[in-house]
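Below is one structure, written out as C-alpha cells; comments come after it.
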Amino acid sequence: MAIAQTILTQDLADELALIDAKADKLRGEMLDLQHAAAFLPRTKIVASVDYAVTVGSDLCIVTAGARQNPGESRLNLLQRNVALFSHIIPPLAKYSPDSILLIVSNPVDVLTYVSWKMSGFPSNRVIGSGTNLDSSRFRFLIADHLDVNAQDVQAYIVGEHGDSSVALWSTISVGGVPVLSFLEKQQIAYEKETLENIHKAVVESAYEVISLKGYTSWAIGYSVANLARSLLRDQRKIHPVSVLAKGFYGIDGGDVFLSLPTQLGRGGVLGVTNIHLTDEEMERLRESAKTILEVQSQLGM
C-alpha cells in the first residue's frame, strides 16, 4: 500500500489496479485511497480478488509474500513464497503478456528468478527491486558520516539483497570526487572497519525496522515508485536492481538474478553498466551469486 500510495501522489499511472486474497481488506484500502481523490492527481483506482482486473497492465508490481518474522533470515521465507507465486505470476502473465514484472517480495533475487521461469517472459521484462533500497540506505549513511547531502553521494550495493550483498567502495564518489580521496582531502580518518560498519548497518537496517515496527513500508514504497517512474517514463536511469546476471562480471554456474547497476526504461532492462570492480569486489560478487544459486538448487528449479 505504501508503493500504491507513493505512485498515486507522484502521478505515475492513469489506472491503478490492486489485487489481494482478502476481499474486505482490499475494498477498504481501495475506498480509503479513492476518498483522497480531491487531493491527488486523477487516477482510476480499481481493486479485485480476480486477476482479470489487471488486464493490459504496463507494469505489474508483486509484493505478496509471507511476512518476515523478527530474526528470520530472508532465505527462510522461501518455500512459503514459491507456492504463493504459482497462483500469482501465471495469471498476471496471462492478462498482461507485454507487461514488465517488478518483484518486491523477499527473498527478492530467488523470487525474481522464479517469476521469470513461471511467466515465460524475456529476462529484460522481469526485474527485482533488489538493492535499490539498500543503496539508498547506504548513500544516507555515507552522507551522514561525511556530513554531505545524500543526493551528492554516488554509491552502489550489489549482489544479493541480503546478508551476502557487496558494497562497492572503490566506485563511491561525493560530488564527483572518489570517496577515498575525498576523505584524504578532508583529512577525515577512515579505517576499513568504519567502512565495513556502514555496510553492516545497511544489511541490518531492515531487520531493525522490522523488530521495531513489525514490517518495512515507507522506504520501500519510495524505492519502488522510483523504479516505476524510470520504467514507465522511460527515464533510462541507472538503478541497482535484480536482473539476470549470468555472464556479467564473470558470474557463471547457472541462471541467477542479483543486483547490478542497470539502466531502466520503457522496455525494462536496457543494459547492465560495466563498472570497474576491484578483484576483491569481483570475488565477493561471485560468492553472492553462489549463495543464491545454492538456494535455487534446493528448490529444484
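Note that Cβ sites are derived from N, Cα and C of the backbone, with glycine treated the same way.
All TrEMBL annotations are machine predictions without curation.
Among the features that TrEMBL reports, active site, proton acceptor is placed at His161. With a 10 A radius on its CB, His161 (active site, proton acceptor) counts 33 other CB atoms from all the protein chains.
Around Asp20 (NAD(+) binding site), a 10 Å sphere centred on its CB holds 17 further CB atoms from the protein chains shown. Marked as NAD(+) binding site by TrEMBL: Asp20, Asn81, Val104, Ser105, Asn106.
Annotation source TrEMBL lists domain 'Lactate/malate dehydrogenase N-terminal' at 2-128.
Summarising the annotation, TrEMBL assigns domain 'Lactate/malate dehydrogenase C-terminal' to 131-294.
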Give me the CA-CA distance between Ser105 (NAD(+) binding site) and His161 (active site, proton acceptor), in Å, as a whole number.
11
CB within-chain contacts under 8 A for Asn81 (NAD(+) binding site), separation at least 6
Gly65, Ala66, Ser105, Asn106, Pro107, Leu111
Val104 (NAD(+) binding site), Cβ-centred 10 Å count of other Cβ atoms over all protein chains shown, is 24
Students should find that the Cβ of Asn106 (NAD(+) binding site) has, within 10 Å, a number of other Cβ atoms equal to 26
Taking all protein chains shown into account, the Cβ-based neighbour count within 10 Å for Ser105 (NAD(+) binding site) is 23
